[in-house]
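Enquirer: Take a look at what Swiss-Prot says about it:
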TOPO_DOM  1-10  topological domain 'Cytoplasmic'
TOPO_DOM  32-81  topological domain 'Extracellular'
TOPO_DOM  103-124  topological domain 'Cytoplasmic'
TOPO_DOM  146-164  topological domain 'Extracellular'
TOPO_DOM  186-229  topological domain 'Cytoplasmic'
TRANSMEM  11-31  transmembrane segment
TRANSMEM  82-102  transmembrane segment
TRANSMEM  125-145  transmembrane segment
TRANSMEM  165-185  transmembrane segment
Amino acid sequence: MAWSFRAKVQLGGLLLSLLGWVCSCVTTILPQWKTLNLELNEMETWIMGIWEVCVDREEVATVCKAFESFLSLPQELQVARILMVASHGLGLLGLLLCSFGSECFQFHRIRWVFKRRLGLLGRTLEASASATTLLPVSWVAHATIQDFWDDSIPDIIPRWEFGGALYLGWAAGIFLALGGLLLIFSACLGKEDVPFPLMAGPTVPLSCAPVEESDGSFHLMLRPRNLVI
């Protein structure tokens, strides 16, 4: 089956959204949101995520400890937990709805109007998933920058810096945003083919019946069988 340009754009949007959703899940799990290198002990690196804090020592296994209380976390990490989990739910639900509402997948028992509404709702959820991914990652980055350049902290105290998970989170948000934009753009390419409604009654078979002309000659004419006398 040859796919239309509209279907290819929808497929590209779905793949980008799926990639962004996977990257967002990995970002949530990784502890490398912030890193801290100790000048007194260069062989030891501290890493902090939204779920745990770890100490990475060379030639020694990494030791991690989960945060004991949600309320004891900084405000940016509390918000990051909530929004990242919400992003996973919105992204997954948006992917499913966009798949059901796209031309890439055909379901005979789904009505066209209902399918179009599913696609519209899915595109909205994908855009929301992008926002709920970029916001917590950017907030944690902003808080890290503020603490790094805080003049009230003595220079001898080590400062937290960006971890690799922040860059992955930004990439996830961009992929989700691009996927959502492609899905929205596909809706503006043109109208979908609306299926014609089925006839209310059964189809009447045709038959030939003679018709008399004014000059006395006859010719055959197609008529419904139930109208032939």
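Here the Cβ of each residue, glycine as well, is placed from N, Cα and C on the backbone.
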Enquirer: At a C-beta cut-off of under 8 Å, are there same-chain residues at least 6 beyond the topological domain 'Extracellular' (146-164) that contact it? List them, or none.
Expert: 30-39, 47-49
Enquirer: Can you tell me which recorded stretch out of 82-102, 125-145, 165-185 has the most Cβ pairs within less than 8 Å of the transmembrane segment (11-31)?
Expert: 165-185
Enquirer: What residues elsewhere in the chain lie close to the transmembrane segment (82-102), defined as a C-beta under 8 angstroms and at least 6 residues from its ends?
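Expert: Apart from its flanks, the transmembrane segment (82-102) reaches 7, 10-11, 13-14, 17-18, 20-21, 24-25, 27-28, 50, 110, 115-126, 128-129, 132-133, 135-136, 176, 180, 183, 186.
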Enquirer: Going by DSSP, how much of the topological domain 'Extracellular' (32-81) is helix, how much is strand and how much is coil, in residues?
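Expert: Here the numbers are 7 helix, 19 strand, 24 coil.
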Enquirer: Along the topological domain 'Cytoplasmic' (186-229), what average pLDDT does this model show?
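Expert: Taking every residue of the topological domain 'Cytoplasmic' (186-229) together, the mean pLDDT is 52.
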Enquirer: What is the three-state DSSP composition of the topological domain 'Extracellular' (146-164), stated as helix, strand and coil residue counts?
Expert: 4 helix, 2 strand, 13 coil
